[in-house]
């Protein structure tokens, strides 16, 4: 029946949920038995229908939505960009995101460099660092962390738990894991969870908690920070890499804003056929707190953050387009 | 009358500039403070953005003709200032067009039920439409929504043109392959004068030389001749014409049916296959004979 299974391959179907993604060419093939819809914007119930007078709202980009809807809307955005996530990042940051991620991982220096055992007492048991990478579905940061630990610090025991709210991003991560040397080891594991509720992870069990370009999508950042505090061991490190809402230089900031709101959704439309997701992404950057405010939030959660209220608690990258925030759980 | 001082004449000039109709005034918003949307899904674009969208979607759809969302965006980006307004006025001049604009019917798989269309009388428009959809294996699926045209009624005109494109296919019998689509686009350019239809003819470079020859000899002359002499196809109230006989409708509109492209291609394919087999048979015979 033509209406149940639209067959014509000549009509493009930009699927939201690719049934299978070829990792070599990143082309998505949708399952032939799935009825496929034309490219449609993610379903957006108008707030007035679903939000009562007393219901709490939050921002989804510049839209105001009920709090309980934000997580599913974020999930929808990332389902539609999962297979072209790298393209999206390359377009939004002109490829510089790779440099940022490399710098982020290098400055964290994961892995315990082996020391020669003491001559008479028996050598201590091998220590292993446990890293939790939040919102790290495709594994960008996780594999970099493992590579650094294994290659630079010669530590074969470090393990990473990749957690993401979106199953398509995790599936993409699993596929990419297959082409790394870690797929046959037990050093990579995956967990589908909301960063605000990591009850599947026991308290004080993580050495390093990283979140790269994920925290601006969380509904309640403070809750996610508290969960980070809970799961980290005393002495554990919290590290966050995220876009900032404003650059330091006002002239560059004016240009940057026009690039973000004009060119990026347009490029998203031309390359990925999805203007709405890219529009959401630039709006979510705009809504993120400034470096000073976010460093204060990290400090309030209980982490030890270098510097003070004036500055020094974060590191700006590329003139302030992105920033790295770090904190240590007190011992 | 006071003598015109420089300040007064500047003021008068300013007032006269402001009195110009909106399309001729400089756009007053920037990327960072867009006006509120005029209809659901509307995205107001600045001139630079529209130019970027036009150029980007032109090259994008040329390199990947299956990206029909880019073809749609190209249509919307290039339809202002003059062309979509002209099309809307063409609808307003015609009584049926005016009714379409006041009813604003939409075509989708919900409003066009294929099961009912297949039961329509033989050689009716509805039956021909359903038969064409089945033959090509497509559905009256929801087309991309118009987003980049500012006036809501002009946006509807563009949406209507997009949704009735398949009906044009059905009454001319042209298939969905690129050759057929180019013939339809040439016809639509002659009929609606939308720039996107002319720009999509650049895809001729993607045709094989034999197809290109056929296009220039047969289908382009047909498209131009029929598009120019036919009535505006956008003024056809398709929902009311479903039971009309196709030949009657074609005569009323002034369109003649072009040669069946799929038949021509099938015949040529079979001729070529027969030729190849004959050649292979001769070679085998020669080999067996020890030549």
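Sequential numbering from 1, following the chain as shown.
Backbone N, Cα and C atoms are what each Cβ position is placed from, and that goes for glycine too.
Of the candidate ranges B:252-271, B:272-291, TrEMBL annotates residues B:272-291 with the feature region 'Disordered'. Cross-referencing B:153, B:154, B:181 with the Zn(2+) binding residues that TrEMBL gives (B:165, B:166, B:169) picks out B:181. Residues B:167, B:168, B:174, B:176, B:184 surround the recorded Zn(2+) site, their Cβ atoms falling within 8 Å of the Cβ centroid of B:165, B:166, B:169, B:181, which are themselves excluded. Each of the binding-site residues B:165, B:169 was ranked by the number of other C-beta atoms within 10 Å, and first place falls to B:169.
Helix, strand and coil counts under DSSP for the compositional bias 'Basic and acidic residues' (B:272-285) come to 14 helix, 0 strand, 0 coil. Sequence-distant neighbours of residue B:181 (Zn(2+) binding site) (same chain, six or more apart, CB under 8 Å from its CB) are B:174, B:200, listed in sequence order.
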